[in-house]
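As recorded in Swiss-Prot, the features of this protein are as follows:
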- Gly48, Ala49, Ser50, Gly51, Ser52, Gly53, Lys54, Thr55: ATP binding site (BINDING)
- 16-230: domain 'ABC transporter' (DOMAIN)
Amino acid sequence: MATLELRNTSSVTPPVQLRNVVRQFGPQRVIDGLDLDIAAGEFVALLGASGSGKTTLLRTLAGLDDIDSGELRVPVARAAVFQEPRLMPWKSAWKNVVLGLRINDAKARAEAALTEVGLAHRLNAFPATLSGGEAQRVALARGLVREPKLLLLDEPFAALDALTRIRMHQLIIDLWRKHTPAVLLVTHDVDEAILLADRVIVLADGKLADDIRVDLPRQRDSGQAGFQSIRSRLLGLLGVKTQAADTATQEPARDVTLSALRRFANAR
């Protein structure tokens with residue numbers, strides 16, 4: 001038996017609860033008896049190999065997919081941002097932001113949301129004229145304008161170049177701090193998960209393989225004490241073997257490059 005409860009009050013804690021949730025396609029259980037809580041205002045990153053159930057879980061939380069059994073409790077006010085911005089090409093940026101909303105002050109609300117993501121000057125721009133990063137920021141504004149208590153992010157940075165990705169990381173953190181939704185970020189990037197999240201959970205075969213608290217001060221950097229130990233643990237859970245030689249040679253070079261990019265992005 002499946003139970004879905006939509007919550008429209010911010011006083012309920014935690015706003016996201018899953019109890020013994022199952023989602024299956026034919027005989028295959030993609031989500032297999034999952035228990036999970038996400039607290040109000042908590043930023044959770046979700047890792048897992050391809051086919052582990054990450055996107056199915058996000059679609060379930062977004063209301064785009066049903067569960068077969070178990071209990072699922074989520075806020076009514078939810079929004080999802082996907083890897084593809086999914087903008088309507090024949091509508092301007094501001095009309096994409098308020099797509100599907102029936103509100104009197106639609107343009108003003110859209111302009112406020114676009115201002116928050118740094119795109120006030122692109123209010124009337126059409127998707128074909130936007131860069132990849134700009135299009136993704138419009139998609140993010142579309143989520144924000146709905147004032148979600150739960151913001152779902154399905155690999156929204158995967159198609160962006162390194163510098164744009166770092167800027168988007170900082171934008172997401174700034175907006176999360178301002179609006180305080182619970183956030184679930186689906187990603188394949190272990191470093192991204194550690195940099196952004198309060199917790200990192202790992203799915204394997206539709207089950208919770210681990211739930212790791214990231215107790216590192218922000219602003220985070222891969223050179224912080226404790227970062228590499230969390231990284232190694234997560235990579236191990238994902239079946240990636242790390243060798244001392246790799247850590248001593250390849251990773252420092254990568255970390256220096258990423259650190260330099262972050263300094264450059266923050267300086268602009």
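Using N, Cα and C of the backbone, Cβ positions are placed for all residues, glycine too.
Positions of Swiss-Prot features highlighted on the structure.
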residue: Gly48; record: ATP binding site; contacts (Cβ under 8 Å, 6+ apart): Lys54, Val202, Leu203, Ala204, Ala209, Leu238
residue: Ala49; record: ATP binding site; contacts (Cβ under 8 Å, 6+ apart): Ala204, Leu238, Gly239
residue: Ser50; record: ATP binding site; contacts (Cβ under 8 Å, 6+ apart): none
residue: Gly51; record: ATP binding site; contacts (Cβ under 8 Å, 6+ apart): none
residue: Ser52; record: ATP binding site; contacts (Cβ under 8 Å, 6+ apart): Leu203, Ala204, Asp205, Gly206
residue: Gly53; record: ATP binding site; contacts (Cβ under 8 Å, 6+ apart): Arg23, Val30, Ile31, Asp32, Leu34, Leu203, Asp205, Gly206
residue: Thr55; record: ATP binding site; contacts (Cβ under 8 Å, 6+ apart): Asp154, Val186
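Under the DSSP three-state reduction, Thr55 (ATP binding site) is assigned to helix.
Mean predicted confidence for the domain 'ABC transporter' (16-230): the pLDDT average there is 93.
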